[in-house]
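Please read the structure below before turning to the comments.
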Amino acid sequence: MTTLFIDRRDAAIEAEGGTLVIRSGEEGPWRTPLALLERVVLRGPAQITTGAIGAIAAAGCGLFVLSGRRSEPAGMLVGRPHNDAAIRLGQYRLATEPESRRRIAALIVRHKLVGQARVLRGALAQRPDRRLALRRGIEAIAELLERLRSDEGRSENRLSGLEGAAAAAYFEAYTSLFPPSLGFVGRNRRPPRDPVNAVLSLAYTLGHFEAVREAHLAGLDPGVGFLHALAPGRDSLACDLVEPLRPLIDRWVWRLFADEVLRGAHFSRDGEACLLGKAGRLAFYAAWEEAFLVPRRLLRRGLRPLVRAARAAAQALPDGVFDAAGPAS
């Protein structure tokens, strides 16, 4: 076990030594050694002691809080920071150099498009009855990848346009894999209005938390990205990092419905919002840990060259960059 999901109404969480202790009303206690965990995901109305938060932090675990019936992100604790600030200094330099920023952004988009094409090709082998829609998507993404390799992908605006065109072609094909009864005709969120979008949103949210945490642990600033511009309250680098992982998440979500791990009966409505019920969430949590093993490994692997580039950029800073204030008197 590396992820502990706590999704019980009125759960109370405290720490005893190196163990988390969870109670819910008259039920429990359930005990989990922190040494077995990398992250804790807490959803719904619950109480957690400062001692438990401190124990989670001391163990180097992440804590992610989802609030309300719609599982909106409410806060996170990402673990001990990396102690080499030069990595962040180099990251800032790369992010402010137009050529470096464009090159890294183009690489992110290329990996995402390659992943999208791979998902559609895999789906074509399993769903030949959807071959027309899937082939259209595969061909469109192949054309966009070719344009990305040319000079058309060099400007930031054009790069965003290519990514958007690929997303439109991809989701037109991807939606064909689901039965019409699910009402999935394209991506929507805030709130998600159908079962597929409800699950995609939850999975993307958890993937984003992983990206924030891994960037932080690697010594990078999750808020300073390359494909996604700076914006107040946005973890732009985490948004960048999760983009190539989205196709892997999409394929997993498709299989959840295709294999009937999740069904329409697992969902309810609250106005326009489609909500994943308790039984569905339990099924999701049970499948998530294994499903995200490969994306997590790819995320960590993808961070290594970025950290190396940031270190190199920091070492290339001119002498005296810290001397602007002059010598101490």
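Quick reminder: no glycine exception, Cβ is built from N, Cα and C everywhere.
TrEMBL annotations: computationally assigned, not manually curated.
Record features (TrEMBL):
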BINDING   GLU163, HIS228, GLU243  Mn(2+) binding site
Neighbour tally for GLU163 (Mn(2+) binding site), based on other Cβ positions within 10 Å of its Cβ: 22
Neighbour tally for GLU243 (Mn(2+) binding site), based on other Cβ positions within 10 Å of its Cβ: 21
In three-state DSSP terms, the structure that HIS228 (Mn(2+) binding site) belongs to: coil
Under 8 Å by Cβ from HIS228 (Mn(2+) binding site), counting only residues of that chain that are 6 or more apart: ARG234, SER236, LEU237, CYS239, ASP240
Extra residues within 8 Å (Cβ to Cβ centroid of GLU163, HIS228, GLU243), Mn(2+): ALA105, ILE108, VAL109, LYS112, SER160, LEU227, CYS239, ASP240
